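K.L.:
One structure coming up, written as C-alpha cells, with questions to follow.
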Amino acid sequence: MAELEIKLNRPAVSYPLKIKKGLLGQLAEEIQAVHKGKKVVVITDENVAHYYGSQVTTTLQEAGYDFELIVLAPGEASKSIENLPGLYGRLVNFGISRSDLIIALGGGVIGDLAGFVAASFLRGIHLIQVPTTLLAQVDSSVGGKVAVDLKEGKNLVGAFYHPHSVLIDPNVLETLSDKAFSDGMAEVIKYGCIRDRAFFDKLKQAGNRSGVMADIERILERCCAIKQEVVEADEKDTGCRMLLNYGHTLGHAIEAYYQYERYTHGEGVAIGMLAINQLAEDQGLSPQGSTQEIYQVVKDFGLPTVLDQVEDYAGILPLIKNDKKNLNGQLHIITLKRIGQAEIRKVPDHFFDPLLEGGKH
C-alpha cells in the first residue's frame, strides 16, 4: 500500500492519504484509525451507490456503526447551494454532533459538496474523502478545497477544509466509463507536464487505459505526491499552487461558455493545455515541439485536442477575465519552460487573441 502524509504549516493539520487495491472493503478499519465515534453519515450519488452502496452498508453494519446513507442525483446540479438546507436538515434529524463523521463517497461533485457540508455544519465536523473517479483520486480529493455552486458560477462559495484521511481504492476505477476515465487522465497528464518529465514519458509509453491500469497504484501515488508537494508549499493558492492550474485558465472558460454541458472538466483542461502551450510556443515562451508531444499523449487517451467550433472563442475569451488567476487586474497563466517544469507568467490581455483567428490548437 502506498501512503502519503499531507502536512501543512499549521498545527493539527496532518492526515494520511492511502492508496491500495481493495481499500474500500477495509473502510471500517480505516475509519477507526482516525475517528473514535460510532455515528457516520455517508454522502454519495446514485451511480456510486449502485456499485458500492451495498458493500459500504454491510461493512459499516458489521462494524457496529450507526450510519445514514444519503444518496443524491449524479451531476453538477447536486452541488447547488439550494441543496444545502435539505442536507443540513438530514444531519439534524439524524442527530449528528461535532464528534461525528461525514464520509464523501464519490467523484468531485460529491467530494466538494460533502466536504463543504462537513466544513460548515456545526462549524466543522470530521470528514473522510473516499474518491471514486480518477479525476477525484488525483486532484479534487487532495488539498482541502471544498465548495458549492451559485447560479452565477461554479465553486463561488467554499472553504479550505482538510479531511481526516483520504482513502483511494484503485479497484473502483474499473467501473468508470471510458469517457470518465479519459476525463481524469487530463489531470494525470497535467502533472507530468508541470512537474515530472519522466512521469510524462511513462504516460506516453502506457498509451491507453489498460496501460495505465497495469501500473495504476504507482501512477496515482505520483500524482498525489506532486499535488502534496505543491499544496504543502502553498495551501491557500496564492503562489506555486497556481501551477496546478496549467490549462485551466482556458479550460474553465470553455466549460462555463457551454454551461458545463458540452465539455467535461478534463476535456476543457486538455483543450486548454494544448491551446495555451501552442500560443506560448509561437511566442517563444515554451520549447518548440512541446505542443506536439503533449498533443500525442492527449489524443492517445481519447481526449479532445481542439475546440469543435473555433468561432466560439469570441464568446469564450471574455470569460477569462473572471478567472481566479487574474490577479490585481493582470492575467496570469501557467506556461512550460519545458515538459516537466512549469512557471507562472503574466501575460497581456491580447495573449489569447490568435485563437480568434483559428489558432493551430
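Positions of Cβ are set from backbone N, Cα and C atoms, glycine also.
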K.L.:
Which one, Lys151, Lys154, is listed by TrEMBL in the same NAD(+) site as Gly108, Val109, Ile110, Gly111, Asp112, Thr132, Thr133, Lys145?
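P.N.:
Of the residues offered, the record points to Lys154.
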K.L.:
With DSSP, how much of the domain '3-dehydroquinate synthase C-terminal' (184-326) is helix, how much strand and how much coil, in residues?
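P.N.:
Final tally across the stretch: 103 helix, 1 strand, 39 coil.
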K.L.:
Taking the Cβ of His248 (Zn(2+) binding site) as the centre, how many other Cβ atoms fall within a 10 Å radius?
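P.N.:
Result for His248 (Zn(2+) binding site): 24 neighbouring Cβ atoms inside 10 Å.
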K.L.:
To test your reading of the Zn(2+) site: which residues beyond Glu187, His248, His265, same chain only, put their Cβ within 8 Å of the Cβ centroid of those residues?
P.N.:
Leu135, Asp139, Ala186, Lys190, Gly247, Gly251, Gly266, Gly268, Val269
K.L.:
Whole-number answer please: how many Å between the C-alpha atoms of His265 (Zn(2+) binding site) and Gly108 (NAD(+) binding site)?
P.N.:
10
K.L.:
Please list, in sequence order, the residues in the chain of Thr133 (NAD(+) binding site) that are at least six apart in sequence and whose C-beta is under 8 Å away from its C-beta.
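P.N.:
Gly106, Gly107, Gly108, Leu173, Leu176, Ala180, Asp183, Gly184 - these are the non-local Cβ neighbours of Thr133 (NAD(+) binding site), listed in sequence order.
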